[in-house]
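Annotated substrate binding site per Swiss-Prot: D23, F24, N25, R39, H62, L63, G64, R65, R121, R154, in sequence order. Taken from Swiss-Prot, the feature ATP binding site covers K207, G298, E329, G355, G356, D357, T358, and the record attributes it to sequence analysis.
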Amino acid sequence: MGEILSVKDIKFKKGEKVFIRCDFNVPMDEFLNITDDRRIRAAIPTIRYCLDEGCSVILASHLGRPKNGYEAKFSLEPVAKRLARRMNREIKFVNDVIGKEAVEAVKNLKENEVLLLDNLRFEKGETKNDPEFAQKLASYANYYINDAFGVCHRAHASVEAITKFYDNKHKAAGFLLIKEVNFAANLTKRPVRPFVAVAGGSKVSGKLQALKNLLPKVDKLIIGGGMAFTFLKAIGYEIGNSLLEEDLVEEALNILREGKRLGVKIYIPVDAIVAPAISQDSVMKNVTVQEIPAGWMGLDIGPATIALFREALSDAQTIWWNGPMGVFEIDKFARGSLRMSHAIAESNATTVVGGGDTADVVERAGNSDEMTFISTGGGASLELIEGKELPGVRVLTIKNDEMEC
């Protein structure tokens, strides 16, 4: 594949400007208070490194999906305030991206100062990978660093097109991006065995390609969450009103067959917590998967399944987990996900957690510090596991024949 250009390889000149593409797409409540700042904290090492090299830093990110230009609820101003608090320093903020205000703010930026531009997606050119928009961003700085792993699977202007305006000595990946790519590479190419993959979440469709790519590489595969019911249907169980992707029943069966052929042990739920509706007030009961009542739906794994999955994890040396075991947002259906988090955290394995929902489960379970690595990217993390090349990584990779001797 070649080698990823690293921020450490750049010979920065004191007083020059660095443009860092970050992923500050953080959740906020209705009052625009940031409810989880993991992504902000994850960007700090690269920002600090560039400041220590004597540069001034321009930060850029998107937040949410604004439809038509500026929308106050998608402004990055709360991010600037949180970053200032986390870094214990002033973070300048401009309510603009490529207009006069932004150009002026960049021009006036002094050595060792940090400026955050407003939401890149307020400009249509960002998601269109528009070279003119990218050129305007590139004109701000002498160097370009991408530390936004969460958007590397998207060919957007600040991720892909912008790199065409920098040579290999002036562009690179930040520490977070390199860490993310290395963890994914080690998982799929050099896992310490036994290697157990845990797949959950609502849909098979979102993880189908990842499951297919992982199957020849893992020793065990654990399937939970809403997606498990498509597998249960595939082997002939009645699943009531549980989530079902009818068009993927055959694919689910193929995965089970392929697992058997490869000698991979595949674990699916043996019991479930079921209810007639997805509600905290709903009546619920624990049944075996053979006894799901008509009109009821499975919303969490049951205690027998928790015990089975814990046993499957007991000898693991590498664990990859993507997707909760149930509707964890509702307390009464969160037990399976939280117990799974505890089991993975207590293992002696290298543990890699992917996906925003899964990271939320781990945080809620109080296990964040016990996991080896929690990925900041959902879609990007899955695509790497699927074996795909990410546009944002490709443009920062020197092919072997381009490497300097």
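Just so you know, glycine gets a Cβ as well, placed from its N, Cα and C.
Since this is a predicted model, take the numbers as computed values, not measurements.
All features noted in Swiss-Prot, drawn onto the structure.
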residue	record	Cβ contacts under 8 Å, 6 or more apart
D23	substrate binding site	R39, A42, A43, S61, D147, A148, F149, G150, V151, T376, G377
H62	substrate binding site	F24, N25, N119, L120, R121, E126, V151, H156
K207	ATP binding site	A199, G201, M227, N322, G323, L382
G298	ATP binding site	G226, A228, F229, I239, G240, S242, L243, P269, A272, I273, V274, V289, I292
E329	ATP binding site	none
G355	ATP binding site	G201, N322, G323, S375, G378, S381, L382
G356	ATP binding site	G378
D357	ATP binding site	G201, G323, P324, F328
T358	ATP binding site	G200, G201, W321, N322, G323, P324
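Annotation for G64 (substrate binding site): same-chain Cβ neighbours under 8 Å, separated by at least 6 residues, are N25, K73, F74, N119, R121. In this view, R121 (substrate binding site) is surrounded by 23 other Cβ atoms within 10 Å of its Cβ, with every protein chain counted. Farthest C-alpha pair in the substrate-binding residues D23, F24, N25, R39, H62, L63, G64, R65, R121, R154: 18 Å apart. Within 10 Å of the C-beta of N25 (substrate binding site) we count 22 further C-beta atoms, all protein chains included. Residues K207, G298, E329, G355, G356, D357, T358, recorded as binding ATP, reach a greatest CA to CA spacing of 22 Å.
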